[in-house]
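Working notes, structure below.
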Amino acid sequence: MGRRTYLSRSSTISYPSRIEGWLDVCETEGELTRLIKTLPWGPLYCVLQQDDQTFTAYCSEEISLGDVCYEDIPRVRLDRVRRPAKALWDGPPTLVEENEDSDSCVGGSGGMSGINDIVLNTTLYSELGEYKSKTLPRIHFDTALNDTSLNEDTSYEKACRRGSAPTTPILGSKQHQTEHNATSRFTNFFSKKSNPLKRTKSVTKLERTKRGSGGLRGSRSHESLLSSHAVMSTIDLSCTGAVGVAPVHQSVLGRRHCFQVRGGPRGERYYSCGSRQERDLWIYSLRKSIAPNAEHTRRTDNSLKMWVYEAKNLPPKKRYFCELQLDKTLYGRTSVKLQTDLLFWGEHFDFPDIPEINVITVNVFREVDKKKKRDKYQFVGSVKIPVHDVTSRLPCEQWYPILSDKAGDSLGRTSGGGGSGSKDKEQLPTLRIKCRFQSTDILPINVYGNFLTYLKENYKRVCETLEPVIGVKAKEDIGQALVLLMHAQGLAGAFLTDVVALDLLRVGDQRLTFRGNSLATKSMEAFLKLTGEQYLQDTLSAPINELIQSERDCEVDPTKTSGSSAGSLQRQQAALRGAVRGAWQCIFESHKHFPAQLRNCFATFRERLQQLGRQDMADNLISASIFLRFLCPAILSPSLFNITSELPSARATRNLTLVAKTLQTLANFTRFQGKENFMEFLNDFLEQEAARMQQFLEIISTRPEHPAPDSILDWAGYIDQGKQLSILHSLLSESLAKLPEARQHELDPLQHILDEISRAKEHGMGTALPGGYLPATSSTHSIASENQENRNPGSSGSHAGSNSEQLLPQQSQLAQPQHAIVSKPLSAERGIMRGVLTPNSLEKNIFRYNDPTVNGLLQQQQQQQQQQQQQQQQHQQLQQHGHQQQPHHQHPLQMLSNSQTSIAGNQYMSSPGGLQHAQSQTSMASSSLNGSSSNLLHGHQQHAHHPQQLHPHHCPPAPQTSASSTMERMDRMNYPYMSHNGNDYETSTPSSTRSRTLPRNGNPNANGNVGSSNNNQSGSYDDMHGEFQIQISGFDTSSAFVCKSPTPMMKSSLGPAGAGRSHHKLNLGIPDHSGGYVRGNNLNPNSNMPKNLEDLDDLFKYAEEHDVAEPANHHNHNQGQQNHQGHLKPAAVPGKEQLSAKSSHCSSGYQSISTNPSPSQSSSPVESQLKAAMGSHNAPLAFKNPSYQLQPQTGSSRSSAQSNTHQQQQQQQQQQFGSRLKPIGGGLVAARAAFLNSGGALEAATLTPSSSDEQLSADNYFSYAAAAAAGAGIATKLEAQRSLSGGSSSSTSASASTSNLGKSGGSSAYGRLNGPLKREDVYGSGYGGSSGNVGYGLSTSSAAGHHQHPHQQQQNPMQQQQQRERDQEHKQYAGSVAGSVGSATSAAQRRLSLDSARTLSDSSTDTEGHCNQLQEGKRRRQLRSSGGSGGGGAGSEQGLGKSYDQNGEIQLLQQTLDTLCHTLDRDEAELRDSSDELFGLQRPAGSNGSNNLSLQSESTMRSIIDRLITMEEELRREQLKMSLALSHKQRVIEEQGQQIAALDAANSRLLSALTALRQRYETQQQQQQHQAPPKTQKPQ
């Protein structure tokens, strides 16, 4: 036996349930026009089975009970009136008699309507071309089906008409597939029986097609009414994405409270409900059945509000109306107005829950002469409004030109219209429209859990704190959202009571109760509209419509009734008295059906006032709530409260105004007097009805003794709480910024909760797409504009790692212009909404097709095939190499920092479905200032990206970066890493490996293509040794590169070597050799650059122990052999090399992360030295405007420790400190922290180019010092020229191993002097050198016999000459003049500007923190030097070593660092905003110095943050002062207005008194005159 259902007596709808009730249903033709005056509505008993996802309409309630016994779910009845099926046919029969000898469609004559007929009901899928017979189920006509047998009148149809067709399904059984195709329409009931014998006319093929193809013919006779296909019809709601439910505006169907079920095989049906609450519950139940988990997913809610006001410059004496279309779909229609002196509609349209649209179209029509039967309406023109123009916070009001499709006539008029296309522009017809499109990004409801809890517990404190600082519009929005949210939570009464009590205590004056615009009044208005709309219509519809339809005149002001007699004035006064009495009687009688929710709320008001001892204010408060804020405004403007559909006439408006004025005076318990003395004839009515008014207020504010059971229509569960919480998040985030900091702390932890939600939106909570839910990228800004991002759901791309697959769904956002980086789209520049930026929609959208911001999407389809091929290759290559890390978890959300300067920049995740990217304010993935979090994209899929050129002047500065914490967490979770990608686009062609931050003219093609499997092999973290390896891409030397880009473009011509390598390496745009591409003959055999700081220690020890220098050539040869052997060994072991991890900033303030490394370069960017002598594979310095030039001078060198020893020491250091690696340095503080955490195991690094403001990094500080120390040991002379001027935005740098970075891009390399800000500080270092000086860049002059690149020899003669002169000037500060056995000078020079010197150190402890030698005391080192050293200070080697005064050097360094410390303290704010221009110094760090430096770095960062916070507080205080001043002025104005009103009233009273006195005086005068004549006759 089946299970029984039970009728739910509760006031809630639980899922799943059986929802049922009577509805008026209409199913219209797709081409139905206005020739049909009445729509075929009919009552049907509708049943929604939420568990089965079916929506069935029955002709009777009894038939619907056939399947009740088989279910065990609650039943909920929504209709208010139990009605029979046959009693309420409110229209003509739905099936009109068809004359067999005519071809007329509905209406009888004329056939199909002309092109000027306006479609009454259009579908949202009109492009499908639906055709159907009015007696058949709606089908989609397929032009490919031309079989005439499908359209023939079959014998089964004849049997149906005779009633002899078999009844196939049993009543009550579930019908799924058969119902969609075989059910007949329910609108065929009670149709006239058609005589089959009359069907004698032959029907053409075209007419048969029009009648419909497929499906069964419906019943044509009364005998077959009992068959199941004639008494029920079912809609399957399980078609996800194909079936939708939406409310329908009353102007479309001519009925209130309608909704539409669109999609599915049957097309569209319209349902009319008895009230708005009933309609909302049906829509909620249907949507819940379609998508039960919608509230737990990320979604977007779109709404549109429009006001169509007036038109001008249209031909007069015509009747006009407008139709509102959203993407060619009819959503509303205005009333018909006659053009006289003014053509004014003034109608408001609210379209909630609309899909994503592109264009708003307003079509203007006019009625033609009645004699013309065919064309009753003529198209005048249209107004097209792009959606992105009306997405601002406030509604946008504007005059729009009415444009016609006709070329010669802008009005589309006939010859008698009186206009032509040559009309002046001033006479162009225009339409005044105000509209606002709002898109709300809604996160899953669980994300708002803390926010909802806070609001429920602290709404009173929030309202009290925000009240003084927010405007009227914000009060209205916040109040409405809070009311809806609290009503859904069952706290509306308590919420309103608390906020109203606050308002009463603040105002104090009883006469001003609810007179202002406060949160309390706006919240009360929202609650009244929410719960009392049906009550308002039931109460006031009859008297208002009667007053509007009647032509009686109620004007009683003598000044406005000039020429009227006293009799007519009395008649008008009597008419007004009757209208007022009728309206008041309806209101008084309405207490019988007064809403229970409002009654409870008003009862709570009375109880709270009694507790406060203000019982005297109860009646005033309740009357102000119900009359001042609800009933009287509804009488005054009935169209705003949906009582009428259009504005009443001028006379009716005046009548309604007088009625509302009288009722409001009655509710205030006052009398007419003063300036409204013409209304004094109603004072007797006011006195008589005052008692009844008090009785009415008492009744509606008293809880009944026997409360009625809760009605299902009062259930508030249908309210979308996620939408209201999203709106409140946006509004409160904006409002809190207006508060002073002290007041903000009063609302703690509200700011923290709001920030968490903002981060959740930026991280990208799951978004519902066909492929699943995806993490969405977003910009650093939240949705005050809402919004919002432009997404296009696409297919998911897959990637197989080892034996598992993970899907990465994607989104597509609005592509940015190629000439700029847009950090945040303005609210007015929102663009097209999410989900509609597809090439197909853009081709149809004339407003966006030529927009440069969407060119990338128009090319998206052409690029998808190429991306799929590349990703397949990546997948195959990846399986060959294999993953070292096997994922065991789903991908987490992107971990983003809270700071705007540390949010991930444009992150691209490309898969076969399209391109995903986001807008960001910063240029690279970065961490917050404290380095606690970072933003690393992670994924298993190889991503191929589209190249795009960005203008260098639009590049924002790069933030400080720290990634070790996230890398460490992700490594523990076995998540591989994706490469950092700022606002750079990575090319999809494997051969092009260059930075894409600036325009380039070079040839992107390479001699040899790098395998596509290396597209993402840019950086890895070694699990065994804790080494974060950074893969550096090579440079392209083949193409001429003469652009202004300061970043090198390099290329590889190698083939794969087959070695397995790490698949996740951070690519920073510098040559790479750590993996599977090895070219033995290109390896540098003579590179002796150290791999880490331990190599420097070896050099120091070696310099102390050996007093005799070896010959230069011999040493260089031996060292080259050692380094050659030491390099080949680690090259075969993937993941064990320490590359240049510290100079990670690329040009233009961006970090370019390439997925195509060029392994032709050596594994260290500072180790190659003889590349210039080896062939044509040298990578030129493609610098247009270099400020850094490293001059190579070949010569003698000293040997460093072998690479094997270096690798062992390096691995030990990495095992000890690997868990705290911070591989990317973005600033001085972050770089120091990275250096300390890494345990000193850093490599030599390069000075990377930059074209933004200066920001020196301690990462390069150390790494360049390593290069300099090694370079001091050999005969290679490096010159680090830095010439920076204030505001300079171009500087370049190169690797210390400048031999393989040879040629400059054909530009002048002369250093620019800095004028008065120039400062030259020269620190000399000998061979081995003092550790205090080793870290500085070396500057040497060219020596004879040493190899140098010809470009550098040509470009730098002046610099070399200046260098030699400065060497002579600063000899006394040089540590050792003799550098090596060669005949080269090793005097070191460092030239700095004061602007850049401030970033070298935070305090004097920097020297102690990084120089072990200086910490150990004033120990002097005996330095050996050649007798041939140029410009030596002493006559012999021993004399030169003894003459070195290290104490003076320490003092000089101390003074310099103190100066730099003061400079840093003075310019901290500028330091924070500076970009990533790097110039590094390095000294070996000791343990004590490291601790001191860490503490100093933290204190410095705290001071910077404190100063920034102080500045922000000052700005907020200024804003608060301005706001308070403005509020004060507003209050003064309001008070003055009240005083003026009081004075006006006093003047009126005085005038009345004077008038009375005058009348009395005149009366006395007349009496005296009557008595005076007898007395004056006596003297005569």
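Each Cβ is built from the backbone N, Cα and C atoms, and glycine gets one as well.
Swiss-Prot records phosphoserine for one of SER213, SER798, SER1199, SER1403, namely SER1403. Swiss-Prot records phosphothreonine for one of THR94, THR154, THR167, namely THR167. Swiss-Prot marks one residue of SER164, SER926, SER934, SER962 as phosphoserine, namely SER164.
What Swiss-Prot records as phosphoserine, among SER102, SER564, SER1020, SER1401, is residue SER1401. Averaged across the domain 'Ras-GAP' (490-700), the predicted model reaches a pLDDT of 89. A simple way to gauge crowding: the CB of ARG515 (site 'Arginine finger') has 14 other CB atoms within 10 angstroms, across all the protein chains here.
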